[in-house]
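Asker: My questions all concern the structure below.
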Amino acid sequence: MFSTNPFDDDKLREECGIFGVSGADGAAALVALGLHALQHRGQEAAGISSFDGVQFHTHRAMGHVAGNFDRPDVIEALPGAAAVGHVRYSTSGETALRNVQPLYAELASGGFAVAHNGNLSNALRLRKDLVRTGSIFQSTSDTEVIIHLVATSNYRTLLDRFIDALKQVEGAYSLICMTPEGMIACRDPLGIRPLVMGKLGDSVIFASETVALDVVGAEYVRDVEPGELVIVKGTELRSIRPFTPNAPRPCIFEYVYFSRPDSISGGNSVYSVRKAIGAELAIENPVDADLVIPVPDSGVPAAIGYAQQSGIPFELGIIRSHYVGRTFIQPGDKVRHLGVKLKHNANRALIEGKRIVLIDDSIVRGTTSLKIVQMMRDAGAAEVHMRIASPPTRHSCFYGVDTPERAKLLAAKLDLGGMTEYIQADSLAFVSIDGLYKALGEAERAAVRPKYCDACFTGDYPTPLTDQDETRTVDQLAMLEERVG
Ligand code: AMP
């Protein structure tokens, strides 16, 4: 079933990391390393496809990169000088192997393997049309829509067919495609999701983040630009921009949470931006306290910034077990709650009798904050003040970051007072959207026209949301029918 509700089990959205190598013998081994460095972007499943000059080979598996792709037999079965890989993450619902990427298809032009980071906001509409005209889908992934659009395009060459397909999709996509002729990497016209390009000897590398270049010892060359297609054939590299130019809107949440702090994104050090957000947070929302304590690991850089700006000592008041995945990774509310308990423990000797400022990067459902505040109280804290290094998350993301439906977002349900009460803190404050822009070296949001996609905070979605609008229309019609009935 292909649901019209993006939050159903057969959901479309994914969080992902992608990595591709062109022109290096044993490319799959490099891809495995690159995926390792991108593991934080998706822990549910991983896959690698390689091309040996004659044939494509693919291995896809549920679980982490380590454990699946650190086995010599697996890598040996992926021969060739070109390979592309993907890590995937979805919090609940169908996690079948058929949705694990790279997706592969035999097109008229030959094999085509694709890895996608992002989410298309009109995939359901396109899929319905494609199914009506005879396309048979193998997965419930939005990425497969691109493959069918390429397959059914009236253009002649693969590149023209690919461009034709991209012109029909809306939303966020960073893609790495592998064909017998070479590799194509591209970013959607707004550049919502990241994609960088690197060099290792004569080989070309594409990756979601620079940390994945670091891990294989590759040199960062530049970002793939919004709306750009980079085509690699042997040692020849070509760039085309087939879309009408647009003001880019890269995802601001990559800086808040999603990217690794040691990545450079859009020319900014993610770590430095996070520290600057913490400093803005301290300027906007000061508090009299004894200690600044990060919720590890996501709150650490912002807490350092907050401490340096406020002069309140930074201490590790919560110790995190590194053997549990990210809070969100375990599907299901019950397990998610348990995950928080498993993950963090209070450093009791430090906390007792102290007024503390807790720093985290974001509040989504409020699960983490509630548990951590309680944990601080149980450890004897005199006061617990929560400071959040992003504005309230009030809107769902339809571009590939897994925020839940609005009904589950704490800030969409409650005002500041309600949220403070819910998490049981003595006070709660968020950095403003202007503070966030300032931390990125920008003027106020309104003055720069939104340079980023910040829809999760503002509700200002930079692309049409065809699937949402159609779902809403269907829901509204159903409501109307009910009322009439
Ligand atoms: P919650 O407990 O639902 O309020 O989620 C907030 C916590 O989850 C924070 O500690 C964040 O670091 C983390 N977080 C925020 N957004 C995401 C996301 N899209 N995926 C995974 N974890 C997230």
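Glycine is treated like the rest: Cβ placed from N, Cα and C.
Automatic prediction, not curation, is the source of TrEMBL annotations.
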Asker: According to TrEMBL, D360, D361 bind Mg(2+); so which of S298, S310, S321, S427 is the extra one listed there?
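Answerer: Of the residues offered, the record points to S298.
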Asker: Let me make sure I understand the structure: which of the recorded positions listed (C16, C251, C397, C453, C456) has the fewest other Cβ atoms within 10 A of its Cβ?
Answerer: C397
Asker: Give the sequence-ordered set of same-chain residues, not counting S298, D360, D361, with Cβ within 8 Å of the centre of the Cβ atoms defining the Mg(2+) site.
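Answerer: What remains near the Cβ centre is V256, Y257, P294, V295, G299, A302, I359, S362, T368, I388, A389.
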Asker: Given the [4Fe-4S] cluster site residues C251, C397, C453, C456, which other residues of that chain have a Cβ within 8 Å of the mean position of their Cβ atoms, reported in sequence order?
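Answerer: The answer, listed by sequence position, is I192, I252, F253, Y399, V401, T403, D454, A455.
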Asker: Check each residue in the chain of S298 (Mg(2+) binding site) that is at least six apart in sequence and keep those whose C-beta is under 8 Å from its C-beta; list them in sequence order.
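Answerer: When sequence neighbours closer than 6 are ignored, S298 (Mg(2+) binding site) has Y257, D360, D361, S362 within Cβ distance under 8 Å.
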Asker: Compute the C-alpha separation of C397 ([4Fe-4S] cluster binding site) from C16 (active site, nucleophile), stating it in Å without decimals.
Answerer: 14
Asker: Under 6 Å from ligand 1 by Cβ, which recorded positions from C16, C251, S298, D360, D361, C456?
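Answerer: Correct list: S298, D360, D361.
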Asker: Where the distance is taken from Cα to Cα, which of the binding-site residues C251, C453, C456 turns out closest to C16 (active site, nucleophile)?
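Answerer: Nearest in space to C16 (active site, nucleophile), counting only the binding-site residues, is C251.
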Asker: Need the DSSP three-state call for C453 ([4Fe-4S] cluster binding site) to compare against my parser.
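Answerer: For C453 ([4Fe-4S] cluster binding site) - judged by DSSP and reduced to three states - the answer is strand.
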